[in-house]
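Engineer: Okay, handing you the structure first.
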Amino acid sequence: MSKASELLATEKAMTTGSAMGPFYSGVQSLPPRRIRLIGVPLDLGASRRGVDMGPSAVRVAGLEARLEALGHVVTDGGNISVAIAETKTVGEQNARYLKEITETCTKAAEMVVKTLEEGMTPVILGGDHSVAAGSVSGVAEFYRRQHQKIGLIWIDAHSDINTPASSPSGNVHGMPLAALLGLEPASLANIFGWSPKVAPENTVLVGVRDIDATEKENIKRAGVTEVYTMRDIDERGMRTVMEEALRAAGRGTAGYHVSLDMDWIDPEDAPGVGTPVRGGATYREAHLAMEIIADHGRMLSFEIVEVNPVIDEHNRTADLAVELISSAFGKKIL
Ligand SMILES: NC(=[NH2+])NCCC[C@H](N)C(=O)O
Ligand SMILES: [Mn+2]
Ligand SMILES: [Mn+2]
């Protein structure tokens with residue numbers, strides 16, 4: 001058992017009271033899961049077009065086969081239907097296409113609930129990051145019915161905590177975290193008729209490096225304190241950051257949803273994203289984060305967003321997405 005795993009397993013045993021628990025067993029891979037892939041080809045939340053082809057690019061990169069090679073049983077649930085920008089009007093300029101985005105997120109949320117009810121782990125393929133307002137709502141709704149809370153690990157260059165009033169762009173993909181924490185947009189915050197979907201103390205931001213001034217206010221207003229910037233990763237290392245992150249998200253919850261925006265990774269390795277920002281996680285840092293998540297064994301659901309094949313180089317960002325999902329689902333080097 002590696003040092004990191006040992007620590008996390010001990011921590012888990014402490015919080016659940018079970019010795020090591022059924023989730024983690026040394027270097028052996030995790031117990032197989034039944035996984036349903038859910039594509040959400042949404043690009044209405046971003047100003048750059050092309051992330052609607054993300055689900056297809058990730059499928060072409062071989063996601064299903066890679067997860068099955070790890071022993072999981074995978075079903076592809078196809079795509080959630082999404083309006084086409086060309087056939088719709090933008091609506092309010094401060095939250096463009098909010099009506100259509102809410103409709104799609106609601107459908108995605110319902111599919112996530114159904115997937116969990118059937119005992120499967122949802123893996124959501126975006127789509128721009130506004131899909132998270134749907135996927136996280138679905139996971140939160142399912143566990144709420146069992147009187148449990150969920151945590152949220154938000155791995156991203158951005159904090160996506162703008163509201164229509166604070167957004168510099170009017171792009172809804174910069175707002176899902178604000179909605180999930182019970183701020184705005186109201187239509188996204190109130191999917192299933194209740195809000196907030198996650199408590200601030202169980203919400204963790206990892207890898208941020210591009211936060212709008214208005215977003216800093218919103219982070220405070222929402223009460224989120226678990227924010228790990230790229231500087232924290234540089235100075236303290238990925239392992240320490242992930243341990244603290246998983247501990248916070250897991251405290252008093254059924255487990256956590258992992259929302260991975262591919263623009264977290266440095267554009268050198270992930271050029272195919274809508275809003276690239278220099279100074280991102282390296283290839284190995286990204287894998288290590290996923291490997292630690294797998295070892296911890298408390299991930300309830302996973303999503304990958306913002307893969308944009310239109311500006312990618314030979315699908316390498318989608319290839320990396322598939323690799324990272326494999327690591328999060330238990331792929332070991334040895
Ligand atoms: N999911 C993303 N890539 N979000 C980028 C958001 C950029 C900027 N903060 C905005 O609100 O427009
Ligand atoms: Mn994002
Ligand atoms: Mn981002």
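The backbone N, Cα and C atoms fix where each Cβ goes, and this holds for glycine too.
Keep in mind it's a predicted model, so treat the numbers as computed, not measured.
The Mn(2+) binding site annotation in TrEMBL covers His129, Asp156, His158, Asp160, Asp261, Asp263.
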Engineer: Near Asp160 (Mn(2+) binding site), which residues of its chain come within a Cβ-Cβ distance under 8 Å, counting only those 6 or more away in sequence?
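Structural biologist: Asp160 (Mn(2+) binding site) has long-range Cβ partners His129, Ala132, Trp154, His173, Gly174, Met175, Pro176, Leu177, Ala178, Asp261.
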Engineer: Once His129, Asp156, His158, Asp160, Asp261, Asp263 are set aside, which residues in the chain still have Cβ within 8 Å of the Cβ centroid of the Mn(2+) site?
Structural biologist: Trp154, Ala157, Ser159, His173, Trp264, Thr275, Val305, Glu306
Engineer: Looking only at DSSP and grouping its letters into three states, which state does Asp160 (Mn(2+) binding site) belong to?
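Structural biologist: Going by the DSSP assignment, Asp160 (Mn(2+) binding site) belongs to neither helix nor strand, so it counts as coil.
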Engineer: For Asp156 (Mn(2+) binding site), which residues of its chain lie six or more apart in sequence with Cβ-Cβ distance below 8 Å?
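Structural biologist: Spatial neighbours, sequence-distant, of Asp156 (Mn(2+) binding site): His129, Leu205, Val206, Gly207, Val208, Ser259, Leu260, Asp261, Asp263, Trp264.
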Engineer: Around His158 (Mn(2+) binding site), which residues of its chain at least 6 apart sit with Cβ under 8 Å of its Cβ?
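Structural biologist: The answer is His129, Gly174, Val208, Asp210, Ile211, Asp261, Asp263, Thr275, Val277.
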Engineer: Taking every protein chain shown into account, which of the binding-site residues His129, Asp261, Asp263 has the largest tally of Cβ atoms within 10 Å of its Cβ?
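Structural biologist: Per the Cβ count, the most surrounded site is His129.
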